[in-house]
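Engineer: Relevant sequence annotations retrieved from TrEMBL are reproduced here:
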- B:12-37: transmembrane segment (TRANSMEM)
- B:57-80: transmembrane segment (TRANSMEM)
- B:116-137: transmembrane segment (TRANSMEM)
- B:144-164: transmembrane segment (TRANSMEM)
- B:206-225: transmembrane segment (TRANSMEM)
- B:253-274: transmembrane segment (TRANSMEM)
- B:280-297: transmembrane segment (TRANSMEM)
- B:304-321: transmembrane segment (TRANSMEM)
- B:333-353: transmembrane segment (TRANSMEM)
Amino acid sequence: MDYFDIFISILGSAIRLSIPLLFTALAGLFSERAGIFDIGLEGKMLASAFAAACVAYWTGNAWLGLLGGIGVSIVFSFVHGFASITNRGNQIVSGVALNFVAAGLTIVLGQAWFRQGGRTGQVPPEGRFSSIVLPGADMMRDVPIIGPLYAHVISGNNILTYIAFLMVPISWWVLYRTRFGLRLRAVGENPGAVDTAGISVAWMRYRSLIVAGFLCGFAGTYLSIAQSAAFINNMSAGKGYIALAALIFAKWKPVPVMLACLLFGFLDAFANFMQGKSLPLIGEVPVQIFQALPYILTCVLLAGFIGTARPPKAGGVPYTKER
Amino acid sequence: MTTASVPLPAWINYGLIPLLNLILAFFFSGLVVWAIGESPFEALQLLLIGALGRGEGIGFTLFYTTSFIFTGLSVAVAIHAGLFNIGSEGQAYLGGLGAALVALAMDHYVPWYVTMPFAVIGAALFGAACAAIPAWLQAKRGSHIVITTIMFNFIVSSLMNYMLVRVLIVPGKMAPETRTFLPGGQLPKLDWLIAMFGGKLGAAPLNFSFLIALIMCFLVWVLIWRTKLGYEMRTLGISPTAASYAGIRYSKIVMITMLISGGLAGMMALNPVMGASARLQIEFVGGAGFVGIAVSLMGRNHPAGIILAALLFGILYQGGAELSFDMPSITRDMIVVIQGMVILFAGALEYMLRPAIVRFYQQLTGK
């Protein structure tokens with residue numbers, strides 16, 4: 001296989017691996033921009049993956065599966081909101097708790113309902129999001145360079161992939177061009193000012209969490225009924241945390257979030273490709289380096305060596321009205 | 001008038017409210033058990049018998065308790081200085097490498113009681129090393145410690161994966177683990193402790209590190225409430241501005257606190273690595289670092305409370321394992337759900353009941 005074909009195949013799998021990260025990181029973008037730390041992204045992704053697989057298995061309809069995934073993810077968001085907004089609890093503790101609940105509940109319920117050691121049943125093909133071949137993909141295949149790129153990277157993905165990339169400009173527009181977005185960002189920077197303007201801080205933050213739950217539902221659904229055909233134990237496998245890293249790496253901005261997710265997806269795909277292969281001059285590179293690289297890069301960024309990452313000012317602080 | 005500033009007597013703050021939160025957590029966990037068609041009461045009974053019914057069960061319970069005391073102390077020490085160390089998991093994992101290297105180097109030559117102090121130091125040093133970079137980033141560069149410690153959990157996980165799969169693995173074997181330590185690299189079982197109460201330890205891995213954990217509880221109590229350093233840590237935790245006004249150096253205290261916190265987490269590795277399996281295995285921490293968060297929260301960051309909370313989680317772990325034998329429709333992961341509920345109600349929702357209790361208390365006392 002020549003190098004270009006290899007590059008195209010890695011690029012294709014990089015896109016597939018970055019989609020759950022992209023949805024989740026955008027979810028985190030909304031909640032963190034509103035001043036709510038969301039360690040629970042991982043749990044939301046896992047719970048929605050489970051819900052989507054269950055609903056799709058029972059109904060045989062992928063869109064209902066998506067709806068189920070989104071629904072459960074929003075329920076988790078509400079619990080997070082109830083703890084950290086209404087009761088002013090610690091947002092990180094609440095997120096950790098939700099991750100535990102999701103990790104345990106998906107296996108316990110999965111075992112009780114399907115009796116396959118935590119797996120759900122195999123979802124029938126009509127209950128899954130299958131890949132779409134864009135018009136002209138076959139015709140273009142033989143055109144040099146652009147052809148394979150179009151046929152294997154841009155075409156041949158499932159609908160959720162295209163929705164993910166569509167969500168990037170939409171998120172940008174909502175955050176920077178609407179009144180809702182302005183208030184959302186304000187609530188994360190200076191909730192006191194927003195309160196003075198007569199806008200409810202709590203309700204604003206709840207709404208940001210609902211948006212986050214909505215987006216996270218897509219991520220989970222993608223994992224269980226687009227990328228695979230069933231829910232598997234702990235299938236989010238730390239992706240929620242990588243998404244969190246991507247969000248920080250992107251300095252809490254929508255378009256950089258997309259680029260960071262693509263970069264981390266690419267690292268993941270490259271690690272898979274490099275398994276057991278050796279590079280010229282360097283020799284065999286341990287795959288673990290690629291697995292750790294997203295986290296190392298994020299730490300280096302946080303240390304202020306690649307620009308500065310300035311988080312929303314009021315992040316993690318419960319808002320209390322002055323008495 | 002709001003209820004947040006009304007002082008409550010200690011028995012309500014430290015006794016009643018945690019107890020009510022715990023009951024709520026168990027109530028919702030019971031709902032899950034009920035939803036999958038089993039009796040919550042029967043499940044609870046099986047769980048308690050499994051954890052406390054026989055000497056072997058108690059041995060397992062105390063074995064888990066040991067790990068949770070270490071990680072609970074680790075989280076608590078950091079919280080006293082206002083730092084949320086969510087990286088105990090990774091620090092314990094790297095601590096295992098420290099303990100294992102000492103055991104591998106010394107077990108041929110000396111008995112266990114010579115190896116032990118070096119292993120304690122090795123585990124603590126490696127755990128502290130893992131906390132050092134996040135601590136430095138927080139102290140000097142202002143990077144959020146929660147984020148960096150999460151990142152380090154994953155970095156350590158990759159590193160340990162590499163070490164076990166490529167470096168420390170026994171040549172010719174498939175399992176990514178070190179060779180089994182000789183008795184000189186193992187911690188002895190505490191048969192006599194269980195025998196004192198007329199039980200038999202059996203196959204339970206309760207070992208000497210339980211006593212080390214109790215000693216650490218005492219030392220942490222001394223550190224936090226009886227030393228100048230502990231005073232400075234608590235000052236920093238309550239008010240960083242007041243601390244800086246009083247001449248307490250922020251970066252110094254952050255570094256020291258996190259090193260101690262990481263060291264305590266690292267020592268947790270003694271229990272499974274040198275006490276139970278006598279080798280370093282992949283993913284041996286198994287979430288104990290995160291349980292430490294729950295233990296510290298429930299124990300109100302006090303060593304005495306941490307022992308009780310660690311015991312509670314030890315009972316849950318051991319009882320949950322037994323429960324899954326007796327009720328096959330409930331998997332071992334039910335304890336993960338219960339843990340999550342306990343963290344949610346005792347941690348994140350700890351103030352939920354407070355307003356109602358304050359009002360009830362005010363009516364009762366007629367104020």
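For all residues, glycine too, the Cβ spot is worked out from N, Cα and C.
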Engineer: Using a Cβ cut-off under 8 Å, which residues of the same chain at least 6 positions beyond either end of the transmembrane segment (B:280-297) come close to it?
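Structural biologist: For the transmembrane segment (B:280-297), the far contacts come to 67-76, 79, 86-93, 96-97, 99-100, 153, 157, 160-161, 164, 168, 175-178, 265, 268-269, 272-273, 306, 309-310, 313, 336, 339, 342-343, 346-347, 350.
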Engineer: Is the transmembrane segment (B:116-137) in contact with the transmembrane segment (B:12-37), using at least 3 Cβ pairs under 8 Å (sequence separation of 6 or more) as the test?
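Structural biologist: No, since the transmembrane segment (B:12-37) and the transmembrane segment (B:116-137) share fewer than 3 Cβ pairs closer than 8 Å, they do not count as touching.
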Engineer: State, in range form, which of B:57-80, B:116-137, B:206-225, B:304-321, B:333-353 has the highest count of Cβ pairs under 8 Å to the transmembrane segment (B:253-274).
Structural biologist: B:116-137
Engineer: Quick check: do the transmembrane segment (B:57-80) and the transmembrane segment (B:304-321) share at least 3 Cβ pairs under 8 Å, counting only pairs 6+ apart in sequence?
Structural biologist: yes
Engineer: Using Cβ atoms and a strict cutoff of less than 8 Å, what residues sit near the transmembrane segment (B:333-353) while being 6 or more residues removed from its termini?
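Structural biologist: Same-chain contacts beyond the flanks: 4, 17-18, 20-22, 24-26, 28-29, 32-33, 287, 291, 293-294, 297-298, 313, 316-317, 319-321, 323-324.
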Engineer: Could you pull out which residues elsewhere in the chain have a CB under 8 Å from any CB of the transmembrane segment (B:304-321), counting only those six or more residues past its ends?
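Structural biologist: Distant Cβ neighbours of the transmembrane segment (B:304-321) are 14, 22, 46-52, 57, 60-66, 68-69, 72-73, 76, 214, 217, 221, 291, 294-298, 332, 334-335, 338-339, 342.
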Engineer: In the same chain, which residue numbers or ranges, 6 or more beyond the ends of the transmembrane segment (B:116-137), come under 8 angstroms Cβ to Cβ?
Structural biologist: 74, 85, 87, 90-99, 101-103, 106, 143, 145, 148-149, 151-152, 156, 185, 187, 208, 212, 254-255, 257-270, 274
